[in-house]
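**Q** The following block contains the structure, expressed as structure tokens.
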Amino acid sequence: ADTIVAVELDTYPNTDIGDPNYPHIGIDIKSIRSKKIAKWNMQDGKVATAHIIYNSVGKRLSAVVSYPNADSATVSYDVDLDNVLPEWVRVGLSATTGLYKETNTILSWSFTSKLKSNSTAETNALHFTFNQFTKDQKDLILQGDATTDSDGNLQLTRVSSDGTPQGNSVGRALFYAPVHIWESSAVVASFDATFTFLIKSPDSDPADGITFFISNMDSTIPSGSGGRLLGLFPDAN
């Protein structure tokens with residue numbers, strides 16, 4: 001099975017797998033059952049920003065999701081990613097819809113990782129920024145239903161030609177280049193990721209959510225990982 005660390009922006013409460021009964025953000029370590037969650041006042045049809053940071057000194061993974069002129073949702077969890085993830089990984093975004101649906105539209109995405117080996121050595125960094133997405137985005141690996149549209153957005157799940165979200169869809173987008181996420185000799189390993197997104201739903205209950213995830217390099221969408229499993233995990237264990 002894949003090794004996954006993720007921050008989930010979960011719009012649908014699947015209480016049978018440990019979700020609270022409201023939209024929430026959560027930190028997932030190798031399981032869809034979040035280690036830590038925080039309530040999230042999801043706003044339909046408004047652009048939001050998600051910001052995720054990790055630093056190996058504090059060994060804390062944190063996420064903030066915010067809308068303009070509104071309170072932010074914040075969640076953090078203490079974890080040593082050296083013990084969880086392989087040394088080389090890929091970073092991606094995933095989303096799903098189920099019986100209920102929503103648009104899972106990504107408008108921009110940036111990521112920076114740094115490895116500092118000692119006080120004299122240079123920092124080894126990887127950085128990318130997408131302020132918009134092109135029709136044939138060669139530096140992204142698109143999986144499942146993920147596509148880039150003519151408006152310069154990344155649609156992680158299926159939408160019809162008039163922009164209506166479709167149910168039972170799963171899609172992911174990974175940056176093509178592997179990321180050196182940790183190294184035994186590194187003094188500090190850190191990363192931060194930011195993406196802006198728009199969730200819009202014709203349903204009273206939107207579903208299912210968006211994640212930022214880090215995985216082994218050859219990760220693919222697991223069979224049966226639609227809906228509540230957010231395109232990341234084969235089961236709810």
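Even glycines carry a Cβ here, placed using N, Cα and C.
Quick paste of what Swiss-Prot says about this protein:
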type: BINDING; residues: GLU8, ASP10, ASP19, HIS24; note: Mn(2+) binding site
type: BINDING; residues: ASP10, TYR12, ASN14, ASP19; note: Ca(2+) binding site
type: BINDING; residues: ASN14, LEU99, TYR100, ASP208, ARG228; note: carbohydrate binding site
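Structural setting of the listed features?
**A** Annotation note: ASP19 (Mn(2+) binding site) sits in a coil segment as assigned by DSSP. The Cβ of ASP19 (Mn(2+) binding site) has 21 other Cβ atoms within 10 Å, all protein chains considered.
Around the Cβ of ASN14 (Ca(2+) binding site), a 10 Å sphere holds 20 further Cβ atoms from the protein chains shown. ASN14 (Ca(2+) binding site) carries neither a helix nor a strand DSSP state and counts as coil.
Reduced to three states, the DSSP call for ASP208 (carbohydrate binding site) is coil.
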**Q** What subset of the binding-site residues LEU99, TYR100, ASP208, ARG228 lies within 10 angstroms of ASP10 (Mn(2+) binding site) at the C-alpha level?
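**A** Hits: ASP208, ARG228.
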**Q** Which one is it: of the binding-site residues TYR12, ASN14, LEU99, TYR100, ASP208, whose Cα lies the shortest distance from the Cα of HIS24 (Mn(2+) binding site)?
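**A** That would be TYR12, nearest by Cα distance.
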**Q** Sort the binding-site residues GLU8, LEU99, TYR100, ASP208, ARG228 by C-alpha distance from ASN14 (Ca(2+) binding site) and give me just the closest.
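**A** So, spelling it out, the nearest of the binding-site residues is ARG228.
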